[in-house]
Number of protein chains: 2
Amino acid sequence: MAQRLEGKQVAEAITQRVREKSEALRKRGVVPTLAIVRAGENPSDLSYERGAMKRAEKAGIEVKRFLFEETVSQETLLAEIDKINRDDGIHGALIFRPLPQQIDDGAVRAALLPRKDVDGITEGSLAGIFTGSGNGFAPCTARACMEILDHYKIQLRGKRVAVLGRSLVIGKPVSMMALAKNATVTICHSRTGDEAMRNICRESDILIAAAGQAGMVDEGYVREGQVILDVGINVDEEGRLCGDVDFERAGAAGYITPVPGGIGAVTTAVLMQQTAEAAEMARTAKAAAGLVE
Amino acid sequence: MAQRLEGKQVAEAITQRVREKSEALRKRGVVPTLAIVRAGENPSDLSYERGAMKRAEKAGIEVKRFLFEETVSQETLLAEIDKINRDDGIHGALIFRPLPQQIDDGAVRAALLPRKDVDGITEGSLAGIFTGSGNGFAPCTARACMEILDHYKIQLRGKRVAVLGRSLVIGKPVSMMALAKNATVTICHSRTGDEAMRNICRESDILIAAAGQAGMVDEGYVREGQVILDVGINVDEEGRLCGDVDFERAGAAGYITPVPGGIGAVTTAVLMQQTAEAAEMARTAKAAAGLVE
């Protein structure tokens with residue numbers, strides 16, 4: 001049976017590092033602060049928000065919530081983002097999406113400053129990941145994958161990585177991040193075809209499953225010793241949370257991140273990490289401009 | 001022996017389409033115009049420029065050249081780009097790079113408006129390719145690959161594509177463009193390792209070689225019927241222009257673009273195509289703003 005790559009320890013290690021960074025910042029008068037923008041009361045948003053609030057407390061990050069009715073106008077939402085952009089006391093923003101129907105998602109994403117985009121949703125952040133310029137931030141789930149590999153000392157250099165899925169939230173950015181670490185990356189998707197996909201996955205050293213299909217990764221996708229990161233968050237026939245990987249049938253693999261308790265457990269820690277980094281960069285920029293010591 | 005996928009016919013077909021578009025624009029009072037910005041007299045820049053001028057004439061595109069000494073200051077260059085940005089009579093700009101040492105390449109790229117970036121060098125254009133937003137333009141060589149496949153009716157959907165090289169000029173953008181056409185893409189590079197690279201290339205239906213290593217693609221990389229796009233422009237031991245593919249040894253492949261006469265022959269046609277598209281978009285934007293009919 002494959003070993004579980006637990007997310008909890010990774011999240012705790014990150015949180016500890018963020019806490020130290022937050023304390024250092026607070027000593028210099030900076031309280032690293034995250035804005036959470038939510039319209040409506042989607043249960044999965046509420047659940048993520050609760051997790052984020054708890055994680056923020058542990059990490060020494062302040063949270064300011066900006067809550068709106070589901071019927072909020074685009075004008076109101078854009079005005080709030082503009083205020084967040086201008087507010088020196090806010091270093092990063094998480095905007096829950098999908099937004100209500102009446103809101104233009106592209107306009108909202110374009111409105112947020114990349115340097116406050118700690119959830120990696122702006123074109124600026126995505127360009128930074130694509131070009132390696134270091135501008136903006138990665139989508140938290142993509143960086144969570146990198147953090148898990150890093151924590152468990154799994155090298156990417158020269159390794160074959162198969163990524164299932166090509167979304168902007170995970171598939172494409174995680175591919176570019178693995179490439180930047182010198183992995184050889186293959187991006188598979190719905191048009192790849194079942195047989196080709198199985199072959200590619202079996203040939204890979206590391207498989208990142210982000211297809212959003214409950215239990216699709218079975219014995220046909222894996223080989224001995226392989227590392228599998230399961231990014232899927234699905235609900236199975238019995239109403240239970242499950243990933244893209246059938247943990248039992250994919251048991252030949254060496255290591256698998258469980259769902260729940262794997263990647264998902266690390267994302268809020270990454271959100272705090274990126275908020276602290278944004279606060280640090282804002283302070284460095286101010287210092288460079290001679291505004292603080 | 002593999003068949004040659006000639007670039008010339010592709011370039012001519014594109015040029016013909018651009019010419020029609022240019023004529024239609026001219027009838028409406030718009031002269032599609034490309035700015036060429038060059039500092040110094042690098043022989044390869046001069047050679048590309050001559051080709052571009054000829055292609056522009058055939059395509060009905062006007063060219064305005066902005067030529068500087070190699071010692072030009074960053075201030076002067078940025079001021080010129082600012083003028084190009086503001087000039088409604090210029091629709092696209094080609095800036096020869098690498099720029100002289102005293103110039104900050106990133107600052108120059110950031111200065112150009114993505115909607116005039118017909119050579120695909122800005123973060124905005126690259127973000128557009130990564131996210132599929134349609135903003136900006138592709139690097140001409142990457143789009144030339146797509147145009148050649150399209151011209152010869154080589155489908156990408158569901159095909160395995162191996163890309164050798166991960167630069168921002170060709171490897172990364174062409175990977176994203178092939179992915180957008182539903183190919184399954186593997187990006188290989190210097191850290192992939194020789195054996196893995198050969199296996200990946202042999203498994204691919206389409207191989208895009210952009211490693212910049214004279215004749216590296218030999219019989220070990222190819223299989224029967226494969227399509228190979230050779231993007232390499234190298235000089236061999238005898239001082240002759242050659243690609244990344246050893247045409248004779250890779251002869252088992254079905255189709256190979258020759259060097260010279262393949263991809264390179266198509267890039268200036270793509271440059272004109274993107275200039276005409278930029279002119280068309282500028283006109284559409286003006287019409288939407290009620291400034292023209």
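Positions of Cβ are set from backbone N, Cα and C atoms, glycine also.
Note that the coordinates shown come from a computational prediction; the quantities given were computed from them, not determined experimentally.
Among the features that TrEMBL reports, NADP(+) binding site is placed at A:Gly165, A:Arg166, A:Ser167, A:Ile233. What TrEMBL records for A:5-119 is domain 'Tetrahydrofolate dehydrogenase/cyclohydrolase catalytic'. The domain 'Tetrahydrofolate dehydrogenase/cyclohydrolase NAD(P)-binding' annotation in TrEMBL covers A:139-281.
Overlay of TrEMBL annotations on the structure.
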residue: A:Gly165; record: NADP(+) binding site; contacts (Cβ under 8 Å, 6+ apart): A:Gly171, A:Cys188, A:His189, A:Ala209, A:Ala210, A:Ala211, A:Gly212, A:Val231
residue: A:Arg166; record: NADP(+) binding site; contacts (Cβ under 8 Å, 6+ apart): A:Lys172, A:Ser175, A:Ile187, A:His189
residue: A:Ser167; record: NADP(+) binding site; contacts (Cβ under 8 Å, 6+ apart): A:Ala210
residue: A:Ile233; record: NADP(+) binding site; contacts (Cβ under 8 Å, 6+ apart): A:Gly212, A:Leu241, A:Gly243, A:Val259, A:Gly264
### Query
What three-state class does DSSP give A:Ile233 (NADP(+) binding site)?
coil
### Message
So if the criterion is CB under 8 Å to a CB of chain B, which of the binding-site residues A:Gly165, A:Arg166, A:Ser167, A:Ile233 qualify?
### Response
A:Arg166
### Query
Taking all residues of the domain 'Tetrahydrofolate dehydrogenase/cyclohydrolase NAD(P)-binding' (A:139-281) together, what is their mean pLDDT?
97
### Task
Tell me whether A:Arg166 (NADP(+) binding site) sits in a helix, a strand or coil according to DSSP.
coil
### Message
The record lists A:Gly165, A:Arg166, A:Ser167, A:Ile233 as binding NADP(+). What's the largest Cα to Cα distance among them, in Å, rounded to a whole number?
### Response
16
### Task
Provide the three-state DSSP residue tally for the domain 'Tetrahydrofolate dehydrogenase/cyclohydrolase NAD(P)-binding' (A:139-281): helix first, then strand, then coil.
53 helix, 26 strand, 64 coil
